[in-house]
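Note sheet for the following structure.
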Amino acid sequence: MWPLWRLVSLLALSQALPFEQRGFWDFTLDDGPFMMNDEEASGADTSGVLDPDSVTPTYSAMCPFGCHCHLRVVQCSDLGLKSVPKEISPDTTLLDLQKLYISKNHLVEIPPNLPSSLVELRIHDNRIRKVPKGVFSGLRNMNCIEMGGNPLENSGFEPGAFDGLKLNYLRISEAKLTGIPKDLPETLNELHLDHNKIQAIELEDLLRYSKLYRLGLGHNQIRMIENGSLSFLPTLRELHLDNNKLARVPSGLPDLKLLQVVYLHSNNITKVGVNDFCPMGFGVKRAYYNGISLFNNPVPYWEVQPATFRCVTDRLAIQFGNYKK
């Protein structure tokens with residue numbers, strides 16, 4: 001039989017702190033390993049020997065299969081889950097979901113009844129095909145959702161699916177969208193729909209999103225942007241339209257007074273007009289461009305007039321050439 005001091009030591013070693021996610025706005029890269037210092041990793045009281053009476057027992061029998069349970073904390077990352085575990089210990093006194101990361105699993109639906117305290121949901125790279133109405137009900141604190149990498153089509157969004165949300169950030173990239181989804185939250189500052197199958201931007205597609213300052217539509221199949229479509233985005237600062245099938249620079253760019261970055265590389269643009277980017281009068285644009293990419297387009301760049309970029313901060317901000325058939 002082991003002496004009491006050895007059993008106490010083993011209990012002390014079992015009190016590891018829960019996994020902590022890093023970074024709030026890192027939505028494109030996977031989180032790296034989180035390292036704890038020796039004192040945190042052991043959970044031991046460095047001031048002396050741990051009092052056996054202070055050790056709180058855990059209900060290991062209630063721990064979901066494959067998960068790690070310590071001191072009323074359940075950790076179930078990278079298990080290929082198809083649903084949120086239900087076998088949560090009844091002695092759980094703190095469920096910390098300010099953030100919920102359940103990406104890269106096999107979920108076929110968004111978990112219902114999410115905690116109202118959620119501010120960030122990462123559910124990308126799953127198998128979700130439908131976003132039903134009411135699935136986000138009561139999530140008044142939510143401001144960020146990353147749901148790319150799911151086989152979502154436009155028909156998969158039920159009317160009112162995002163009702164009540166006041167999101168700042170939404171990414172639905174690497175899906176199967178053929179158009180900009182309707183009825184997304186009006187509060188959005190960033191909308192990323194890159195790597196889809198969007199073919200056109202029609203006049204009223206962007207009507208609701210007047211607060212956008214960053215719009216990502218790269219790596220789609222966009223051939224046409226209807227005149228006036230961009231006029232609904234008065235605060236836009238960054239526009240990504242690279243790797244599409246545009247034959248000309250979209251109209252309306254000179255009217256976007258705050259626009260600073262435009263990605264148009266890898267399209268089919270053959271001509272750049274002198275007034276395609278800058279307004280005709282001086283003092284109209286409130287922020288000069290600091291980035292315009294036009295490389296990998298069949299544009300005879302030696303024919304482009306220098307005045308075309310009169311509202312650019314520096315000539316190094318313009319990227320031309322390198323077109324290959």
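Cβ atoms here come from the backbone N, Cα and C positions, even for glycine.
Feature annotations, courtesy of TrEMBL:
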type     : residues      : note
DISULFID : Cys63-Cys69   : disulfide bond
DISULFID : Cys67-Cys76   : disulfide bond
DISULFID : Cys278-Cys311 : disulfide bond
DOMAIN   : 62-94         : domain 'LRRNT'
SIGNAL   : 1-16          : signal peptide
All chains considered, the count of other Cβ atoms within 10 Å of the Cβ of Cys311 (disulfide bond) is 17
Across every protein chain in view, the count of C-beta atoms other than its own within 10 A of the C-beta of Cys63 (disulfide bond) is 19
Cys63 (disulfide bond) to Cys311 (disulfide bond), Cα to Cα, whole Å, comes out at 61
Across the domain 'LRRNT' (62-94) the predicted model averages a pLDDT of 68
If you rank the disulfide-bonded residues Cys67, Cys69, Cys278 by how many other Cβ atoms lie within 10 Å of their Cβ, the lowest count goes to Cys67
Whole-number Å distance separating the Cα atoms of Cys311 (disulfide bond) and Cys69 (disulfide bond) is 58
